[in-house]
Amino acid sequence: MIACQIDCLDKYDAYQNYNYTSHVRGWSEAIWPESSLPAFQLIANLGLLFFMFFLGLELDLDQIKNSWKTTIPIACASIIFPVGIGCAVALWFYDMNSNFQSNKIAFILFVASGFGFSAFPVLATLLNSNGLLNKPIGVQTISLAAVEDSSVWVILAIASAFSSGDSVLHGLYTLLLTIAFIAIMVFIIRPILKRLHGFYLRRNDDTNVYLVVICFLLLVAAAFTTEVMGNLYFANSGLRTRLDLLTTGQSWWTLVVLIFLASIAKILPVALMSKLCTKKSWSYCSSMGVLMNTRGIVQLVVLNIGVELKVISPIIFAIFVLMATVLTFLTSPIVYLLYRRGADKEKLSMDDVTEELDAVREGYNNMVECESTIYTISNGEIINIKLNSSQANSNANRDQSEVIGNIVEMPTCPRRVLNMTRF
C-alpha cells in the first residue's frame, strides 16, 4: 500500500533530474535522449514499486501499533508548529509573489503544507540504509511520518481546490476515494491473501509461483489505481528549476533564513514532545526531530503542483527546491553525529554487562541476587534483561539501594540496566 501511494513520485523525480542536467548542453542529450525517457521512467517506477514493497515487508507492524500512544501527540506537534510557521512565512513571501497573481489563501496553504511535510520514501530509505528501520527510533519516526503526511495531504487537497477554482468538496472527494481504497486493501484484499498464503503454507509451498504472480499483479494494479485517484495531487508538468533567477543577495539571504526557520519549526517541537512522551535521552529525541526534518522529493512535488496551478512563482519554487535539497543532504550526517556515533561509543558487549552484574553480586550479596539474560544489545540500548532479585537485610536496603539503582531499576522485575547505556 505504501508503494501504491508513493509510486507516482518517482516520475516527477526522474523528470526533474533530467531538467537539472538539461541546462548543460550536448552531453546530457547524448546520455539521456528524449526518446529514452519513457523507458527510463518505466524502469524507475518499477524499481520504486519493488523497493517500497519490500520496505513494507521489513516493517514490524506490531511495534508500530505499540507506539501509537506516543506517536499521536508528537505528530500533532510536528504538524501544528511547522504549518503555523509556514503560514507566517507565506505572508512574508507573498510580497515576493505579488507579481505572480494568485489566490492568497491557496498560496498560504501551499507554503504551509510544504513546511509540514516529511519525505516518507526518503526517510524510509535513510532509516533502512542505516539499520534503524526496525529500531525504536525508526519505528517511532516512520509512524510519525505516516500520520503527518496523511494529514498534510488533506491541506494540500484543499489548497489545490482553492487555486483551481473548484469546490473544496472536490479535494475531499479525492480524500474519500483514498480512504475507500485503503479500506478495500485492508479488509478485503488482505484477508484473501492471508487465507491463500495459509493454504500454500499447509502444503509446504509458501513460495508458490502463482502466489508470487498474484502479489505482483495486485501491486501493479494498486499502483495504477492510486495514480488515477491522485491526479489532483501529482502532475507531470515538466517544470524547470530556474536557479539562474537567484541572482541577488536578497534571494540567497532568504534561502538561509528559510532553511533556519524550517529546521527550527520541525526539529524543536518534535524533540521536546518526544522527550515529554517517551522519556528518552536528548540525543534520541533530537535525532528524531532531525529525521522528521527530511524533505526530499515530497516537498518538490508539492511545490511543483503549486507552480503548475500558477500559485507559486518560479523564484520561490527555486528557493524551496534548494532548501529541500540542503535539508535532505544534512539529515544523515547529523543523525550519525547525534545518535549513531553516541550509540557506538556507549554500545556494551555482553561481557561488560556480565562484569557489572558480577560486581553487584560480590558487593551486595546479602541484598540482591541477580541472574541476567540479555536478549538484545543494539545501538547502545539493552533490551529485555531479566533480573530476579530477592531482598534481605532490610536495615542495609535503604543505603545500598541508591548504589544498586545505578545498575538496576528497582523494585520490580524484569528490569533494565541503567547508567551503563543511554536510553
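Glycine is no exception: its Cβ is also placed from the backbone N, Cα and C atoms.
If you look up TrEMBL, you'll see 38-230 (among others) marked as domain 'Cation/H+ exchanger transmembrane'.
Sequence annotations record features per position, and here TrEMBL assigns domain 'Cation/H+ exchanger transmembrane' to 231-334 (among others).
Annotation source TrEMBL lists transmembrane segment at 39-59 (among others).
Listed by sequence, the residues of this chain that lie at least six past the ends of the transmembrane segment (71-93) yet keep a Cβ under 8 A from its Cβ atoms are 107-108, 110-116, 118, 140, 143-144, 147-148, 151-152, 155, 258, 261-262, 264-266, 268-270, 272-274, 276-277, 288, 292, 316. Annotated transmembrane segment per TrEMBL: 71-93 (among others), in sequence order.
Packing against the transmembrane segment (105-127) from elsewhere in the chain are residues 2, 6, 9, 48, 51-52, 55, 78-79, 82-87, 89-91, 93-94, 97, 133, 138, 141-142, 144-146, 148-149, 151-152, 155-156, 158-160, 162-163, 262, 265-266, 291-299, 302-303, 305-306, 309, 311-312, 320, 328, 331-332, 335: each is 6 or more residues past its ends and has a CB under 8 Å from a CB in it. Summarising the annotation, TrEMBL assigns transmembrane segment to 105-127 (among others).
Annotation comment: TrEMBL describes 168-189 (among others) as transmembrane segment.
Annotation source TrEMBL lists transmembrane segment at 209-232 (among others).
Annotated transmembrane segment per TrEMBL: 252-272 (among others), in sequence order.
Taken from TrEMBL, the feature transmembrane segment applies to 284-305 (among others).
Feature annotation from TrEMBL assigns transmembrane segment to 311-339 (among others).
Same-chain residues lying 6 or more positions outside the transmembrane segment (252-272) and placing a CB less than 8 Å from one of its CB atoms are 74, 77-78, 80-82, 84-86, 89, 96, 115, 118, 144, 246, 282, 285-286, 288-290, 292-293, 295, 319-320, 322-323, 326-327.
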